[in-house]
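All remarks here apply to the structure that follows.
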Amino acid sequence: MNALAATNRNFKLAARLLRLDSKLEKSLLIPFREIKVECTIPKDDGSLVSYVGFRVQHDNARGPMKGGIRYHPEVDPDEVNALAQLMTWKTAVANIPYGGAKGGIGCDPAELSISELERLTRVFTQKIHDLIGTHIDVPAPDMGTGPQTMAWILDEYSKFHGYSPAVVTGKPIDLGGSLGRDAATGRGVLFATEALLNEYGKTVSGQRFVIQGFGNVGSWAAQLISEKGGKVVAVSDVTGAIKNSKGIDIPSLLKHSREHKGLKGFHGADPVDPNSILVEDCDVLVPAALGGVINRENANEIKAKFIIEAANHPTDPEADEILKKKGVVILPDIYANSGGVIVSYFEWVQNIQGFMWDEEKVNNELKTYMTKGFKDVKDMCKTHECDLRMGAFTLAVNRVARATILRGWEA
């Protein structure tokens, strides 16, 4: 099942639990606006080339729309729709005043020079500048984009609208980016894990963790978990997978990964088959890479008692059912990986106020939001007698539905 089908399925199950009116249910699924633009730029050799840029703006009942911009050769409209919708639910679970959006450009950033990427970003911004804005739609980085991309969007947008630092988040610190943003998703994963384990009378310390994916989210999660006394026994990335049942020395691994552009060749652990990483023996499994990795083929083999979804949509619905029968507790992505969008919200707030916070305040506020978010999800689980995924979806859909009704938008 692809990401869109799975997201729609979860939404429909939540709508049923909430007994939503069928017209309202239908209107909540339809995107507010889908934008598609042609972006033609001169390449460095003088030849002209065209790319397709797009933005799906899903819902703005609770506030401006929020979501990443990705540069990737295979940008699938269905996936972007699903991710825009997922952002609507994620911001609602976190209780931050945003709706959802997603967008990008169908290009391979590895094949473009820095100056070509800059020209492409500026042309894209020129085409959509009237449709984004501090109180309309606030983009952020995603696959293939980063702080520099956001800096170009900010600059180009500001030519039309005056200096507007709050039009994008994930900016460089020197242009109004927030301290703590880089670690935010990984730190949110730690706070989410602590909240869940606390329910079961456990702490991070002494638990055995397996982390699939060692990019920004996975590496920060590994570092913060090990600092709290968690034992990381296996890790994987695109270069391979490693295991050490006594616990991997994470500071050494981070150093190795930076120097060698990956985990491969690390001496403090034994190499293992990357495909077996998800079924290694552990207490807590953290998928922090791609979607759809936990499926009916491997769900029966999973030994973890808890799964923390740091990636978007890592568990497909069939695997969900198998794991539920096995008694595995899954903390869903729309809550577990919301640390990034919460700190993006803090960045936006700081930009609007023109007053920046220190890192300690950012981290403390993030912990407050993540802890409160978990309590809200648990309350919905009790009300509707459902698992954590449905608890999070009913919480989100209910908040968006209530805002939609209060604004007089229901059909």
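The backbone N, Cα and C atoms fix where each Cβ goes, and this holds for glycine too.
Feature annotation from TrEMBL assigns active site, proton donor to K102. Within 10 Å of the C-beta atom of K102 (active site, proton donor) sit 29 other C-beta atoms, taking all shown protein chains into account.
All protein chains included, S344 (substrate binding site) registers 29 other Cβ atoms within 10 Å of its own Cβ. The annotation substrate binding site is assigned in TrEMBL to K66, K90, S344.
Within the same chain, residues at least six positions away from T185 (NAD(+) binding site) with a Cβ under 8 Å of its Cβ are N216, V217, W220, A310, N337, G339, G340. Marked as NAD(+) binding site by TrEMBL: T185, N216.
Around D142 (site 'Important for catalysis'), taking its Cβ as the centre, 19 other Cβ atoms fall within 10 Å, counting all chains. What TrEMBL lists as site 'Important for catalysis' is D142.
Distance noted between the C-alpha atoms of K66 (substrate binding site) and K102 (active site, proton donor) is 7 Å.
K102 (active site, proton donor) is 15 Å away from S344 (substrate binding site) when you measure Cα to Cα.
With a 10 A radius on its CB, N216 (NAD(+) binding site) counts 17 other CB atoms from all the protein chains. Our reading of the substrate binding annotation (K66, K90, S344) yields a largest Cα to Cα distance of 13 angstrom.
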